[in-house]
Amino acid sequence: MSGGKYVDSEGHLYTVPIREQGNIYKPNNKAMADELSEKQVYDAHTKEIDLVNRDPKHLNDDVVKIDFEDVIAEPEGTHSFDGIWKASFTTFTVTKYWFYRLLSALFGIPMALIWGIYFAILSFLHIWAVVPCIKSFLIEIQCISRVYSIYIHTVCDPLFEAIGKIFSNVRIGLQKEI
């Protein structure tokens, strides 16, 4: 029981402690234990990849989705023989398919290695150089901002307040002449 109320044999009203066990980090019932065990740690290095949908975030939808109809088209009145058109379609499709596979077999792993190194360097520089430089700059600029704030409050504020008071009594009257 959590947070309930009960009456003892003498008629005194008591509340049940919210947690009867001492350790707040361990679940006190089976439902909580099951809930915690369902949460799995996500590890990017051991996740399974989808071999069917290889572009789940649709990065290349508008770039490399090139089919035969996107490249070669014959307008009305200018048609080649049907056999030539079918052979051209098959040649284009099969060539594109197998040449892509050949290129990815030859250069896929080296390019993955190069891009992996590049993004590792980029992540390293961002974590260990860029962010600390920005934080350092923000800390150092605070000193300058205080001096600038003092300058504004001691010089510019009174000056512009005086100029404002000078021009506050200026009145412009417009008359329409007929």
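Every residue, even glycine, has its Cβ placed from backbone N, Cα and C.
Look at Swiss-Prot and you will find 2-94 tagged as region 'Required for homooligomerization', backed by similarity to another entry.
The annotation N-acetylserine is assigned in Swiss-Prot to Ser2 on the grounds of similarity to another entry.
Feature annotation from Swiss-Prot assigns intramembrane segment to 105-125.
Across the region 'Interacts with SPRY1, SPRY2, SPRY3 and SPRY4' (131-142), DSSP helix (H, G, I), strand (E, B) and coil residues number 12 helix, 0 strand, 0 coil. For 131-142 (among others), the entry in Swiss-Prot reads region 'Interacts with SPRY1, SPRY2, SPRY3 and SPRY4'.
Taken from Swiss-Prot, the feature S-palmitoyl cysteine applies to Cys133 (among others), supported by similarity to another entry. Annotation for Cys133 (S-palmitoyl cysteine): no spatial neighbours, criterion Cβ-Cβ under 8 Å with sequence separation of six or more.
As annotated by Swiss-Prot, S-palmitoyl cysteine applies to Cys143 (among others), with the evidence given as similarity to another entry. In the three-state DSSP assignment, the secondary structure recorded for Cys143 (S-palmitoyl cysteine) is helix.
What Swiss-Prot records for 149-160 is region 'Interacts with SPRY1, SPRY2, and SPRY4'. Residue counts of the region 'Interacts with SPRY1, SPRY2, and SPRY4' (149-160) by helix, strand and coil are 12 helix, 0 strand, 0 coil (DSSP-based).
Cys156 (S-palmitoyl cysteine) counts 10 other C-beta atoms within 10 Å of its own C-beta, drawing on all protein chains shown. Look at Swiss-Prot and you will find Cys156 (among others) tagged as S-palmitoyl cysteine.
Per Swiss-Prot, the feature region 'Interacts with SPRY1, SPRY2, SPRY3 and SPRY4' maps to 167-178 (among others); the stated evidence is similarity to another entry. Residues of the same chain that lie 6 or more positions beyond the ends of the region 'Interacts with SPRY1, SPRY2, SPRY3 and SPRY4' (167-178) place no CB under 8 Å from a CB of it.
Between the alpha carbons (Cα) of Cys143 (S-palmitoyl cysteine) and Cys156 (S-palmitoyl cysteine) lies a span of roughly 19 Å.
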